[in-house]
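Pulled from Swiss-Prot:
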- GLU21: active site, proton donor/acceptor (ACT_SITE)
- ASP30: active site, proton donor/acceptor (ACT_SITE)
- 20-160: topological domain 'Periplasmic' (TOPO_DOM)
- 1-19: transmembrane segment (TRANSMEM)
Amino acid sequence: MNKPLRGAALAAALAGLVALEGSETTAYRDIAGVPTICSGTTAGVKMGDKATPEQCYQMTIKDFQRFERIVLDAIKVPLNVNEQTALTFFCYNVGPVCTTSTAFKRFNQGRATEGCQALAMWNKVTINGQKVVSKGLVNRRNAEIKQCLEPSSQYSSLLW
């Protein structure tokens, strides 16, 4: 039903993702202490790793497409481009567990507005075994919600 973003839509989504994530060519620990590089890549990353800007770009595309596939497989109703992009950003940030979220449940119930708003629930990180609200995650979720609620006459299933 829904299809992967391509062309200008993909380029815009990647630019938005880099704006949310930033891009670091040297591995660092994220707020939860996970070794991370480039624009949020964590798979196989260890402290001391380095990447070129081109390698970061390629990692970001690969990661975005992996999480977009998770969204497309889990959401059974048509998504417009903004909804699809926001849900992919969300999954990129929280990982495959995104499919268990209230947001995904609401979308699959045909309640897109409530699904977008439910992204706000995912605003905490675990620090020393405690869930703590993160200002950075609050800001990120607000950006994702804004993207998600932005009207679009194009549905991702009709882009190509």
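Backbone N, Cα and C atoms are what each Cβ position is placed from, and that goes for glycine too.
Because the structure is a prediction, the values reported are computed rather than measured.
Across the fold, the C-alpha of ASP30 (active site, proton donor/acceptor) and the C-alpha of GLU21 (active site, proton donor/acceptor) stand 11 Å from each other.
Taking each Cβ in turn and tallying the other Cβ atoms within 10 Å, the top scorer among the active-site residues GLU21, ASP30 is GLU21. Each residue in the topological domain 'Periplasmic' (20-160) has a pLDDT score, and their mean in this model is 92. Look at GLU21 (active site, proton donor/acceptor): DSSP puts it in a helix. DSSP assigns ASP30 (active site, proton donor/acceptor) to coil, not to a helix or a strand.
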